[in-house]
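As structure tokens, the structure follows; a few thoughts come after it.
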């Protein structure tokens, strides 16, 4: 009898899942990659012969055959918080002390005694009798004794590393992209990026292409598989894959990725899941979101959850450690620092968590992070390399910015070849010369910097750097800007500008800025799209953008530009026509004119025609909304010059002809009053809005965008890595909003 194809398929699927688990979860592979690929190919062939037997959870169905149109923003079932950082043991110890004070049973008893003393004193409050006086004196003595016992207990706890009843857990802080994986009855149904914590991008189709993420969980283990399970973790790119990807990228004539985290984020936003599959991303779980009640009742700690997750087939980090005290946690941190550069993936610190779920629930969250967790981040790594060249890049205003090209060197797990030099003043201040041995550093962020020159290794004959006398892109004339002069001396050089308005680099950068978020905000016209369109000769001016629909057939011939993508681009261009005068002024790359000054000027003059009639002195002299300050002299002169230049008049003529609104729309003039009389402060890193956008929204809806927190502040809008302003707001009892909550206020009718 011929073998039953359904049984063959199920046997192959189980065997493939077993090998995926052995490789990604147990780290004990039994077969080679080639043998695994042959198993997968066999499954695909049998399924192709019997397509009616194909199911969504089959290992063969990880990669969709169709490109993705885009990514929908969806809500999280439970918020995804960020984690507070520290770079020193002192702050880590203060955090552990706060945990101990909140959770230690003896301190809870002492706190109850303190409340009882207060209650006794409250009963005689205001009384002047001898008995009342005796009660107060006794209360004071009891407080002194209680304070002494509390202090002794804390001193003893400090000496023992603030041990907790449930202990701590340490986890390597993998440098990747946070993700939430939702499983229903064991099947992967959704994958969402963290986003702003309340909403993220649905990247399910791309995540399905990552082999270390199981499409179907194993129903084994002491705790039954939860009907609903949200696994939080990190998607990352192994170092070997990062090196391979950059080699391919550079060979194709493109700029290499800055680090594995950047390449991971870029991969997850690819519209073709096949590309995701090819880039070999991996995943490690580090937490849980929503979980069915029956499972939640049986799992009492973070370390228990990780054990059960591994039994269900979810990859967890074998380097996680449970510690009884902070002293043990610090030992793990120090030990791990020596090991981290030997790992197959980038790690920038260690996360320390309170292990007990009951303790976590008791401590709760601030507006942005759990109180029961903290990330200890290692000091910035430095490396020595040779400066090969200083390259000058041209920005949207023509400003020339120097960039260092160096011999490739590994820093913090990233191969670094370029570093910013900021400006020519930075080069002269540090006396940087081509051929120097230099120290570079990655200070916990993406962009490396040149810290200093190793002067005692400088070869003989190196020449001092000279700033370019002509534009490196178009060979056009360069204009030098100086700081204000004093005592009759010439000011210090601050920047150089290419003054050729037709410089190709400027045109490209202007268009990127023009279409960007916070400016004309044209969906589908990002940096890559602008580069494609300019290289194809389809756009070169702002006016060309608005007539691009006339060249639809040529647009469709561009690489990776399908009908759907083109339609989205054209729709974004049409929508941009209604952005209004403030956005237009900010988007044109007029030197010194940004979002804030553009809005103030547009609000005052209302129309381009009215603004065009104003002199530079007029623009400078008016006050912004009754404020004591107005528009600065540099801004006024620069804007007036642009308005009356041949180029400026041509730009506005093109925009008028295209039907772009060059007035200040009523909705931009504060006609809505949802925030009327309210004072709002913005702090931290925002994901949904730019800083300028959110401040503009506050003013649009009648509120005041203040710069500092005080008792009169009504709301603090806190993004990621909010610092002292958030602390002060919490001390003053100011209501703290995240971006999603602020957005909801504006949407309420």
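Heads up, the Cβ atoms here are built off N, Cα and C, so glycines get one too.
Remember, TrEMBL labels are computer predictions, not curated facts.
Summarising the environment of residue 173 (active site, N6-AMP-lysine intermediate), the number of other Cβ atoms within 10 Å of its Cβ, over all protein chains shown, is 23. Residue 173 (active site, N6-AMP-lysine intermediate) carries a strand DSSP state (E or B). For 173, the entry in TrEMBL reads active site, N6-AMP-lysine intermediate.
Residues near residue 35 (NAD(+) binding site) in space but far in sequence (CB under 8 A, at least 6 apart, same chain): none are found. According to DSSP, residue 35 (NAD(+) binding site) sits within a helical segment. The NAD(+) binding site annotation in TrEMBL covers 33, 34, 35, 36, 37, 82, 83, 171, 194, 234, 353, 377.
Under the DSSP three-state reduction, residue 474 (Zn(2+) binding site) is assigned to coil, being neither helix nor strand. The Cβ of residue 474 (Zn(2+) binding site) has 17 other Cβ atoms within 10 Å, all protein chains considered. What TrEMBL lists as Zn(2+) binding site is 471, 474, 498, 503.
For the coiled coil (319-346), same-chain residues at least 6 beyond its ends with a Cβ under 8 Å from one of its own Cβ atoms are 89, 92-93, 96, 160-164, 167-172, 174-176, 236-240, 259-261, 282, 303, 306, 352, 355, 376, 378, 412-414. Among the features that TrEMBL reports, coiled coil is placed at 319-346.
Averaged over the domain 'BRCT' (670-749), the predicted model has a pLDDT of 81. Residues annotated as domain 'BRCT' in TrEMBL: 670-749.
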Lowest local Cβ density (other Cβ within 10 Å) among binding-site residues: 83, 471, 498, 503:
83
Count of other CB atoms lying within 10 Å of the CB belonging to residue 353 (NAD(+) binding site):
26
Please identify, among the recorded positions 37, 83, 173, 194, 353, the one with the smallest Cα-Cα distance to residue 474 (Zn(2+) binding site).
194
Would you list, in sequence order, the residues of this chain other than 471, 474, 498, 503 that have their CB within 8 A of the centroid of the site's CB atoms, where the site is the one recorded for Zn(2+)?
394, 398, 470, 472, 473, 475, 476, 499, 500, 504, 505, 506
So how many other Cβ atoms are close to residue 37 (NAD(+) binding site), meaning within 10 Å of its Cβ?
11
By Cα-Cα distance, the member of recorded positions 37, 173, 194 nearest residue 498 (Zn(2+) binding site):
194
